[in-house]
Each structure stands twice: as structure tokens, then as C-alpha cells.
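**Student:** Mind looking over this structure? Questions follow.
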Amino acid sequence: MENISNRDKALILNQALPYIQKYTGKTVVIKYGGSAMENPELKKKVMSDVALLSTVGINVIVVHGGGKDITAMLNKIGKESKFINGLRYTDSETAEVVKMVLAGKVNKDLVASLENCGGKCLGICGIDGKMFKVSKYKGDDDLGFVGDVDHVDTDLLNTIITNKYIPIVATIGCDDEGNVYNINADTAAARIAESLKAETLIYMTDTPGLLKDKDDENTLISQINIKDIDNLIKDGTISGGMIPKVKHCIDAVENGVSKVFIIDGRLCHSLLIEMFTDEGIGTMFHKD
């Protein structure tokens, strides 16, 4: 709320109050990534917003990936990153790097950042408490140690939330044999939100949301019924990497999440604008 007059701050808080009251005691899952995670100034503002959400009584869960950090570490050890149809191929050596980077560096950096902004948080991963029951990715391509989340045991998450901490979740998990798998963060966020019957799931991205014209950010679709999604995929309005993200949104809504949003994480305080204002800022997915 930099460079805003006291009068405008009061008006903003007045508008936010009913939304704060609505969300108090509810669970909000935030998939954190993109520029909001890579830009230090944006990162600080997002962590400050997350701390604020927790302070007003919202049960916040942050789910993160860390693809660029994984690639950087692989480069340091002289190992080339391999992608198949845009998805990282994870052999056994890469799986060890993924485990080290996501559950180590990235997760603990986020914990430190959020704690520095006044949040109480705990960094965990899908292996902890056997939170994720994982099996090998079932898509058309063999991606090595890339996993699907078959089940989320919510006991650990509920324990952390009950004790007024914010879980920060790194998206790795293991199967019944103890093999460690790299898990898509969008997938993990959706499964967590579904398992907790969260009030809201928010994907922070590098796009304003769904656009009628992908080259014109002024064509934002502010809300959409999930039954209309297939037509937008067929006519090419939704394409490329946005298709799997949107399908996760559909799954979440169909499995008990009240509202799902795709918002522009490049904009300062986009979380607060989406949650606490009449207009919002991204695309909301809902059903009848």
C-alpha cells in the first residue's frame, strides 16, 4: 500500500472487511511460482501478503516448485536438463538434485523470507508424514522419476494449521518402495486443495488469467463456468501450457474446492486484490 493516502487506505480496508470476515477460518491454497518467486522485490511483497492473510485468521498453505533453481543446480554439476513435451525428464541423479533443491534451498529460502515478513511457518515436503502417496506419472511419455499424487494424507497439514503455522510445501513425494519423485507443483496444489476441501485455490502465474486473445491482456475473462472450458480449448482460446493448468482448476472445482483463481503474480499485492476487493484481478473458475 505504498504511496497511498491515508483516506484511500481507510477505503481499501473498509472494502476488504467483509471479505476478511468471509475467509476467516477458511483454507486457502496458494501455488506460488513464476516471476513472483524469482523477483526479490515481488517475492518480499508476496510473503508479506501471505503473512497478512494468516494474521487475519485465514489458513494459508503455500505450495511451490522451483524449476529454474533445479536447472541452475544441474548446470553447476555439469548435467544437462532434459525436457519431453515441456516436462522435465527426471532420472535417478536428477531426482537427487530435485530433492536437494526443492526441499532444501528453495523451501528454506521461502521459510526465511516469510518469517522475516512476520509469518509463522514450517517448511515441509510431500515425503514428510507420508503426506503424498505417489505413483509413477501415467502420461504418454516416460518422464523417469516424475510422479502423480494419488492421495494426500492431510493429518500433518491440519496439525500445522491448528498450531497457527503456515505450511510451505515442496512438491516431492515417494512411492511405497521409497523411490523419490518430482511432482508438478500445479498438480500438488490442486490435490492438496481438494483433500482439504479448501475454500479457495490460487495459481500465481505470469499471465493475467484466461484471455480471449492471448496477445491482448485487456481481453481478460474475469470468471468462467467450468462447463464452458472445453469449447475454449477446441477453438484455441486456451492452448499450450495453459491447458494442463486449466484442467487442474476444473478438477479442483469438481472435487469440492469452492473457488479457483488464476492471477497475475507479476503485479504487486495481486493476492490481496483478488481476495479482498469487489473487482478481483484474475480469472475465477466456478460451476453451477
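Cβ from N, Cα, C; glycine included.
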**Student:** Hey, Swiss-Prot has substrate bound by Gly66, Gly67, Asn182. Any idea which of Arg88, Arg191 it lists too?
**Tutor:** Arg88
**Student:** Rounded to the nearest Å, what's the C-alpha distance separating Lys31 (site 'Transition state stabilizer') and Gly66 (substrate binding site)? Just drop the number here, would you?
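**Tutor:** Distance (Cα to Cα, whole Å): 11 Å.
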**Student:** Near Gly67 (substrate binding site), how many other Cβ atoms are within 10 Å of its Cβ?
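**Tutor:** Excluding its own Cβ, the number within 10 Å is 20.
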**Student:** Using all protein chains shown, find which of the recorded positions Lys31, Arg88, Lys245 scores highest when you count other CB atoms within 10 A of its CB.
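**Tutor:** Output for this query is Lys31.
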